[in-house]
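Colleague: Quick one: the structure is below, questions incoming.
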Amino acid sequence: MSPGPVRGATPNRRLGSVRGVSVLSPPGRRARPSAPETSRLSSAAREELRRRLLDLIEGHRVVIFSKSYCPHSARVKELFSSLGVECNILELDQVDNGASVQEVLSEITHQNTVPNIFVNKVHVGGCDRTFQAHQSGLLQKLLQEDPAYDYDLIVIGGGSGGLACAQEAAILGRKVMVLDFVAPSPQGTSWGLGGTCVNVGCVPKKLMHQAALLGQALTDSRRFGWEFSQQVKHNWGTLTEAVQTHVGSLNWGCRLSLREKAVAYVNAHGEFVEHHKVKATNGKGQKTCYTAAKFVIATGERPRYLGIQGAKEYCITSDDLFSLPYCPGATLVVGASYVALECAGFLAGLGLEVTVMVRSVLLRGFDQEMAERLGSSLERLGVRFLRKFVPVAVLQLQKGSPGKLKVVARSTEGPETVEGVYNTVLLAIGRDSCTKGIGLEKIGVKINEKNGKIPVNDMEQTNVPYVYAVGDVLEGKPQLTPVAMQAGKLLARRLFGGCLEKCDYVNVPTVVFTPLEYGCCGLSEERAAQEYQRENLEVYHTLFWPLEWTVACRDNNACYAKIICNKFDNERVVGFHILGPNAGEITQGFAAAMKCGLTKRLLDDTVGIHPTCAEVFTTLEITKSSGLDIMQKGC
Amino acid sequence: MAHLLRSRVPTWPPPPRGPSGHTHQEHDTGQQCYDLLVIGGGSGGLACAKEGTRWGLGGTCVNVGCIPKKLMHQAALLGGSLHDASHFGWEVAQPIRHDWRKMAEAVQNYVKSLNWGHRVQLQDRKVKYFNFKASFVNKHTVCGVSKGGKETLLSAEHIVIATGGRPRYPTHIEGALEYGITSDDIFWLKESPGRTLVVGASYVALECAGFLTGLGLDATVMMRSVPLRAFDQQMASLVTNHMASHGTRFLRGCIPLKVERLSDGQLQVTWVDLASDRKDTGTFDTVLWAVGRVPETGSLNLEKAGVWNSPDTQKILVDAQEATSVPHIYAIGDVAEGRPELTPTAIMAGRLLARRLCGQSSDLMDYDNVPTTVFTPLEYGCVGLSEEEAVARHGEDSVEVYHAYYKPLEFTVPERDASQCYIKVVCLREPPRLVLGLHFLGPNAGEVTQGFALGIK
């Protein structure tokens, strides 16, 4: 789904002085008049600046550190312009941290004068050295594309983020390779190109969610006058086949799209063996090495297993569920992540008996009021919750498709244990980054040892300047497909397109596709209270009864809308939450509005679209602090 | 939508800040005096009356048009879901059929429950309700005639005309009145309308034809010129393309000449194709007129109060304050000239007017950027300007259009045709490329458009 006219197709490679500011200033600082500046850089700031400078040098063919009034600088600029070579010029007298730049630059080059010239990552020197190089022919040699590497960019991991980055780099004319290899799950499930979202995430999940919604639609439709036989059954095989057919077509689409853009795709596991070099091992164990100037790690995550008896042998995860060759039957879902609740929701919606075992809270990190309301909506659908229990052993009672498993669970609050018999146990207790076994230690890329995630700066750059990371492997970033895609695309544009736009990780909307969908954008009530103090917030909320639910005689107090406003900033909306049908579709536009600085007043001034669920946000009147009743009457 | 004009007369509560402080009192003449008199009990009128009595608790107003329409639209969508369901593994034995009676009863019961809720709300808010047919006696006085013929004089400082409009019958067409129905009737039919001819190209026409087709009925739309006039025409043609590909028949460039009842009870319609001047006939069970609405101004004796209306449309001329040619008489909703005929717009205008009259705010209604959705089978949501209007206002060269066809994920498995799912954003070409209009054609367009409307505002 790409908008018609492609923007940014002709990259502006010139780094003007104004742009230089945004490259080189720490975030949040604005240009000050360029008074002579004494350097007071902390070591962290120095390190960051150094990284940015290296990035600038690495990322561009010609970089000239210059001063706008310097005649030597002007001569060098003329020289390159006469050679028809585009340069990236940073005028140190026009950026606010020019003095610091010059200081760090002299550490890198042992030259503290301008101009200071780099060609294809090689430090050429000042004005005289550049003209000498031009006369000797060295400059022309340096200007030729660096022949040392096989590729400009190798992306490890063919998921949403990696593919977006690879394709954008290819569109910008770079030579790009994607390495993608799916290690089979403990149950032996494997899949094609496209990563988690396409194969074992958003896409099959949303389709199964849709199947469950259609089940509800079948029930509703009778109230709306449709007549058909009482006997309605669901066929798991038909569903998984349809889902997998679609997934297969997407795999194919990914490959086709790479081929069209001349991105080399190798179905092999990539592992760094030395700087700028990866070893690719394919399914048959054949090994090939490739080199590249830059690398992007986009290996994503895989479901975590419990270290308990029987987990790997008998349990499945979301990696297996969407292509499970048999109906899972009575299912125990372990965990309360959104993956857990979504799976529990659609399995229940398909008519299966579902139990969710929760160690502590539902949807950690999400608004807890919303999480609890969502939990209740699942309960009303027949999902059973076992709170404050963790499984300690899974035993097979009977083989089969599905078989019978006994699960022993222990209370988190005491010695109590419970046992239950299920056909299927689905683990959804979290996901681990795929950052082990890819040779990061060989080239010194730091990972967070606790969670395996890769820390990056706001340019998605790791501590090794030519290595970047996008997607779920990132530390402290939202784990969402569109975010990874956006980050990957912008990264490629920065690396190869002379573009400076960074990925904005704030106010990213997200939706939990449980049968009653939950959409949110911005802060949870808990987080808002931390950031703004509870007394500075006003929370408006209401229950609502979708019109379509009235005739269908569905619950009149299940759907809920809430906004969190900052009283002292014009009642600016800092959190948006909706639990109701089509929450996904509703949230998108409101997220756009939040980017534009949505306030309560603007909501009030907007005419509702009648009759929809979304219009409830234009008539929110009851504050939580008033304690007024928000129950809807009727039916 | 009821057949009698109704007056609803609210009284201010004892102040907070009523403009004059006096409440409903009997004058020597026996004439009743109020602060605010609202003529017309539609959405706008109710909103105005309710807001007038208590700040901060403006309720949702319900229009008997939108609600049953959306419910029947939902019934039609569920028909599509039944079809999809088999692709998603649900085994539903054929045959599947639709029972109009059952649906209509469910919808009508719900609407009746809302009507009751409304009366209760008005009582709660100290709004006095009269079932009167009203007409002006002079600038401050209205004469109400009850069903029994009893006359009451009501006077008020401010008078709001919100009598709305009623579907127009093309009375010049033989048989139109005797045999045709309008949107006032379709939702209250006890029996299925069967094979239906919908005459008109308004959103009402397309919505009705859309859900009738979705319920499995044979529906034909006859229109003289373009569909959805005043809407973006590219979107309008996508809407009708989608309907046509799902079984709605279209007779374009045709106008009906007469309607006759055949001996078997069926209706025979004769029409002429304007391009070829050729006449043709067809038989239908139901003929639904959706050829626009006429404002209910005829019996108001507007001239006695000095209120001007348009000679062409009969609608009342208003300014940005909703004031008519008489400063203390206002008109909102469908009865006012040049206003979009939309329920929520009337509600908002009514509410804002009441707030201005109480001195609680001076905000005017913003008639630009009103989001709306046409609930055709593939929903069309929009806010802001159509492409045509944007070009007219800013010039062809200043306008840039970003657009995309898209395929909803849910359409893939049941192999639904997504060739009309389309998004268009009309912007100014100059950065920052201010968005002038947003147009969305696809499932749940109503829900999708609401949030974007905020961004555009």
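Glycine residues also receive a Cβ, built from the backbone N, Cα and C atoms like all the rest.
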Colleague: Besides B:G200, B:A201, B:S202, B:Y203, B:V204, B:A205, B:L206, B:E207, which of B:G282, B:G292, B:G298, B:G306 does TrEMBL list for that NAD(+) site?
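Modeller: So the NAD(+) site in TrEMBL includes B:G200, B:A201, B:S202, B:Y203, B:V204, B:A205, B:L206, B:E207 plus, from the candidates B:G282, B:G292, B:G298, B:G306, B:G292.
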Colleague: In Å, rounded, how far does the Cα of B:S202 (NAD(+) binding site) sit from the Cα of B:K70 (FAD binding site)?
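Modeller: It is 16 Å, counting Cα to Cα.
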Colleague: B:D334 (FAD binding site) to B:G292 (NAD(+) binding site): how many Å between their Cα atoms?
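Modeller: Pair distance, Cα basis, whole Å: 11 Å.
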Colleague: Within the domain 'FAD/NAD(P)-binding' (B:34-350), what mean pLDDT does the predicted structure show?
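Modeller: Averaged over the domain 'FAD/NAD(P)-binding' (B:34-350), per-residue pLDDT gives 87.
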Colleague: Across all the protein chains here, work out how many other Cβ atoms are within 10 Å of the Cβ of B:V204 (NAD(+) binding site).
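Modeller: So the Cβ neighbour count for B:V204 (NAD(+) binding site) comes to 24.
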Colleague: With CB distance below 8 Å as the criterion, list the recorded positions among B:C66, B:K70, B:S202, B:L206 that sit near chain A.
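Modeller: Going by the Cβ criterion (under 8 Å to chain A), the qualifying recorded positions are B:C66, B:K70.
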Colleague: How long is the line from the C-alpha of B:V204 (NAD(+) binding site) to the C-alpha of B:C66 (disulfide bond), rounded to the nearest angstrom?
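Modeller: About 10 Å separate the Cα atoms of these two residues.
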Colleague: DSSP-wise, what's the residue breakdown of the domain 'Pyridine nucleotide-disulphide oxidoreductase dimerisation' (B:370-456) into helix, strand and coil?
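Modeller: Secondary-structure composition of the domain 'Pyridine nucleotide-disulphide oxidoreductase dimerisation' (B:370-456): 27 helix, 29 strand, 31 coil.
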Colleague: Which one of these binding-site residues has the most other Cβ atoms within 10 Å of its own Cβ: B:G200, B:G292?
Modeller: B:G200
Colleague: Let me make sure I understand the structure: which of the recorded positions listed (B:C66, B:L206) has the fewest other Cβ atoms within 10 A of its Cβ?
Modeller: B:C66
Colleague: Including all protein chains displayed, how many Cβ atoms other than that of B:D334 (FAD binding site) lie within 10 Å of its Cβ?
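Modeller: Looking across every protein chain shown, the total is 26.
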